[in-house]
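Sharing the record's features from TrEMBL:
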TRANSMEM  12-30  transmembrane segment
TRANSMEM  42-63  transmembrane segment
TRANSMEM  93-113  transmembrane segment
TRANSMEM  125-146  transmembrane segment
TRANSMEM  153-178  transmembrane segment
TRANSMEM  198-217  transmembrane segment
Amino acid sequence: MGPCRATLAGAWNPDPLLLAALALWAGLLLRRQGRVPGWTAWALAVLVFVSPLCNLTSALFSARVVHHVLLSAAIVPLPLAGLTPGRRQRLRILGPSAAVLLHAGAMWAWHAPGPYAWALSTTPGYWLMQATLAGSAAAVWLCVLVPDRGAAVIAAGGTFLQMGLLGAIILFAGQPLYAAHLLTTAAWSLSALADQQLAGLVMWVLGALPYMAALLWQAARLADDLPETVEPAR
């Protein structure tokens with residue numbers, strides 16, 4: 001059912017394997033003198049997987065979408081941004097079009113009612129959802145954060161469009177789509193439809209915003225690389 005207002009503050013996730021993984025990550029950051037992007041990603045991972053926000057996602061679909069947006073558009077790209085361009089290039093195994101399609105497939109599949117319900121009801125499904133969203137997001141960001149401006153524009157632009165479209169579909173669905181949240185939103189003074197509409201708005205606007213920013217940045221850099229037009233002599 002998820003937490004209510006009275007129990008949210010104490011609803012931390014004490015999963016020992018998860019805490020061990022986060023401790024290992026922190027140890028690697030300390031050993032390698034991790035910079036701000038790495039520690040920011042680590043702190044956000046604690047927020048979405050350990051803090052009460054994690055348990056709130058069981059009650060509110062909008063909180064779940066915030067979780068997915070932070071995972072795909074912040075926790076994944078921040079450590080990649082801290083790598084050297086050469087290292088990012090070596091890690092990149094997909095072209096921009098394939099990366100966009102892979103990430104779109106993961107996002108759309110896991111936000112379909114059936115797969116979403118399975119992910120919420122089983123531990124393997126939950127972690128498969130997290131892994132595929134993170135892995136496919138990494139494929140996109142490895143295309144965005146490379147010197148190839150054209151590839152970066154395709155990856156950022158394609159993901160911006162598909163995130164916006166998915167968010168709009170959820171926002172304007174007109175009826176609750178997710179049975180898992182039909183009885184869990186009332187404790188937060190929200191109907192299931194209002195919660196779903198808020199989730200769609202989060203994905204449409206906040207979820208697409210990082211990709212729009214990356215698209216505009218890379219498009220500007222691509223324009224700077226184009227040769228200037230030489231006016232003919234009169």
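For all residues, glycine too, the Cβ spot is worked out from N, Cα and C.
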Residues of the same chain, at least six outside the transmembrane segment (93-113), with any C-beta under 8 angstroms of its C-beta?
68, 72, 119, 129, 132-133, 135-137, 139-140, 142-143, 151-152, 154-155, 158-159, 162-163, 166, 170, 177-179
Which range out of 12-30, 42-63, 153-178, 198-217 gives the transmembrane segment (125-146) the most CB pairs under 8 Å?
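Answer is 153-178, with the largest number of Cβ pairs below 8 Å.
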Is the transmembrane segment (12-30) packed against any residues at least 6 beyond its ends, judged by a Cβ distance under 8 Å, and which are they?
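Contacts of the transmembrane segment (12-30) (Cβ under 8 Å, skipping residues fewer than 6 from its ends): 38-39, 42, 45-46, 49-52, 54-55.
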Using Cβ atoms and a strict cutoff of less than 8 Å, what residues sit near the transmembrane segment (198-217) while being 6 or more residues removed from its termini?
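Sequence-distant neighbours of the transmembrane segment (198-217): 60-62, 64-66, 68-69, 72-74, 77, 144, 152-153, 156-157, 159-160, 163-164, 166-173, 190.
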